[in-house]
Amino acid sequence: MLPFDGPTWLAILEQYNQAIWPLHGVAALCVLAAIALAFSGARFAGHAIGVLLGVLWIWIGLIFFGGSVAPFHFAAEELAGVFVAQGLMMVLALTVMGRGGIFGWPGGRTGVLAVVLVVYAVAAHPLLGHLLTDTPWSQLSYVGVAPAPTMLLTLALLLLALPRPPLIVAIIPFLWALVTGYMAAGLGLALEYIPATLGVAAFAVMVVRRFQRSEPWLDG
Amino acid sequence: MIDRRRSRRSFLKLAAASAAGWWASLSPAGFAAEREPHRKPIPSSGERIPVIGMGTWITFNVPDAPGPMAVRREILGRFFARGGGMIDSSPMYGRAEAVVGDCLRALDRPEALFSATKIWTRSTSTGREQHADSLDLWGAGRLDLQQVHNLQNWQAHLETLRERREAGEVRYIGITTSHGRRHDEMERIMRSEDLDFVQLTYNILDREAEQRLLPLATERGIAVIANRPFRQKALIERFEDHPLPDWAAEIECENWPQFLLKFIVSHPDVTCAIPATSVVAHMGENMGALYGPMPDAAMRERMVAWVGDL
């Protein structure tokens with residue numbers, strides 16, 4: 001149940017973007033570092049990715065939902081809690097518990113999907129939003145500081161976990177992909193169907209990889 | 001000579017009256033002054049309120065920015081100019097109460113205002129805090145109506161509301177539900193508690209309340225507020241591509257919102273409906289339902305049959 005309409009959601013994003021500027025740059029550096037680490041195959045990549053993405057999820061929970069969304073949404077505190085929980089799980093699962101294993105290029109269609117997701121989350125989402133819907137830059141969602149593109153980036157990087165992605169940290173991002181689809185319908189923001197669909201597709205691929213010994217159609 | 005003077009005076013009077021009437025018909029305030037809005041009594045007091053009020057779910061949950069605030073001020077201005085009274089809100093609606101309060105201050109708090117809000121929490125102590133916050137946000141020492149939202153913790157909250165009514169902070173108290181939920185529980189409360197108002201979902205397609213709750217309200221002397229008159233805006237979107245029936249002109253319906261609202265408020269057990277909008281022109285359309293003839297029982301049946309065939 002959404003207690004606001006599309007223009008109000010965009011206004012919330014605008015106020016938030018203006019309030020945190022220029023921290024988008026810091027978030028972008030964290031995102032680029034996480035992407036580079038994921039593709040590098042470095043031994044410590046899992047730990048670093050866990051910390052970087054964990055911090056971004058916690059930030060979005062506390063500052064975006066707990067601060068900017070709270071005056072407008074009766075469930076903002078609960079949403080903030082979910083994002084903080086996801087951030088803590090990312091840190092714990094990928095560092096202390098070492099569930100991330102090694103990150104690296106998985107090859108095949110999984111690799112291609114991961115690249116598509118990364119490119120969309122980092123660049124295409126705001127770019128398409130501006131070019132196709134004429135939304136001002138200040139009202140767009142940016143990776144690392146806003147929920148939908150950060151959800152997508154997280155799922156993309158988890159696709160790069162070898163030998164298999166840790167599903168436990170993909171559940172909340174998957175649920176947020178569903179919420180993003182619900183918001184697309186409820187707020188009349190058609191472009192949000194793209195991250196929603198990509199997020200669901202990424203999670204489906206992860207589930208298949210997790211439970212099947214070999215997946216030739218994914219690796220083909 | 002005298003006759004000629006008299007006839008000239010009469011002609012001038014007539015011309016002046018015509019000009020004044022023409023001018024009044026152009027201005028929204030004049031419209032309200034020229035035609036009396038439909039009002040219905042609150043059974044517990046006999047006070048009469050306009051049958052079209054205003055909801056604030058989604059539409060008044062906007063940021064404190066010049067553009068959205070100016071539009072809301074204009075909407076409220078149009079609402080009062082066209083004879084509106086009841087504004088309904090809730091702490092659940094985000095910034096809606098704060099926005100309404102700001103707009104009312106900008107409009108010098110119109111005398112016609114009938115303020116209605118809710119307590120929305122399971123916690124009894126938080127309920128008391130919400131009531132105090134509402135008084136503050138609406139900028140009033142007293143609210144006209146305070147309701148228990150969606151029957152949450154209604155026993156404790158009704159106790160709070162009775163206390164606040166005794167203290168003069170509330171004039172009327174009530175309970176709410178929506179989407180047709182928890183009608184059985186609402187019925188039990190209506191039978192057992194002393195209430196001034198109930199609020200429930202009633203519109204041309206959602207008529208379950210006709211079976212038990214609406215007759216019970218009349219039997220128990222409880223005023224009824226109909227929420228979701230357009231199922232948010234789904235009913236308008238569903239019907240807007242179809243023409244109104246020719247006979248809609250008999251009840252002075254010029255558009256679908258008026259058709260749907262007149263159906264609701266013509267039910268003898270319904271006191272008022274609370275459509276919400278974020279568009280100034282739509283407020284004008286909604287408020288048109290406050291004037292002109294209302295459908296009788298036979299026409300209400302035709303209205304149901306007509307939309308059933310669409």
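Cβ atoms are placed via backbone N, Cα and C, with glycine included.
Automatic prediction, not curation, is the source of TrEMBL annotations.
Away from its own ends, the transmembrane segment (A:20-39) comes close to residues 45, 48-49, 52-53, 55-56, 59, 63, 103-105, 118, 122, 142-145, 153, 157, 160 of its chain (Cβ-Cβ under 8 Å, at least six residues beyond either end). Annotated transmembrane segment per TrEMBL: A:20-39 (among others), in sequence order.
The feature transmembrane segment is assigned by TrEMBL to A:51-73 (among others).
What TrEMBL records for A:79-98 (among others) is transmembrane segment.
What TrEMBL lists as transmembrane segment is A:110-128 (among others).
Annotated transmembrane segment per TrEMBL: A:140-160 (among others), in sequence order. Note on the transmembrane segment (A:140-160): residues 13, 16-17, 20, 23-24, 27-28, 30-31, 34-35, 38-39, 49, 53, 56-57, 59-60, 64, 83, 90, 103-106, 110-111, 113-115, 117-118, 120-122, 125-126, 129-130, 166, 169-170, 173-174, 176-177, 180, 192, 195-196, 198-199, 202-203, 205-206 of its chain, located 6 or more positions outside it, place their CB under 8 angstroms from a CB of the stretch.
Below 8 angstroms of C-beta separation, residues 2, 4-6, 9, 82-83, 85-86, 89-90, 93-94, 99, 147-148, 151-152, 154-155, 158, 193, 195-200, 202-203, 206-207, 210 of the same chain, each at least six residues beyond the ends of the transmembrane segment (A:167-187), sit close to that stretch. Feature annotation from TrEMBL assigns transmembrane segment to A:167-187 (among others).
Taken from TrEMBL, the feature transmembrane segment covers A:193-211 (among others).
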**Item:** Closest-packing stretch to the transmembrane segment (A:79-98), where packing means Cβ pairs under 8 Å, from A:51-73, A:110-128, A:193-211
**Value:** A:51-73
**Request:** Would you mind listing the long-range same-chain contacts of the transmembrane segment (A:110-128), meaning Cβ under 8 Å and 6+ residues beyond its ends?
**Result:** 31, 35, 137, 140-143, 148-150, 152-153, 155-157, 159-160, 191, 194-195, 198, 201-202, 205, 209, 218-219
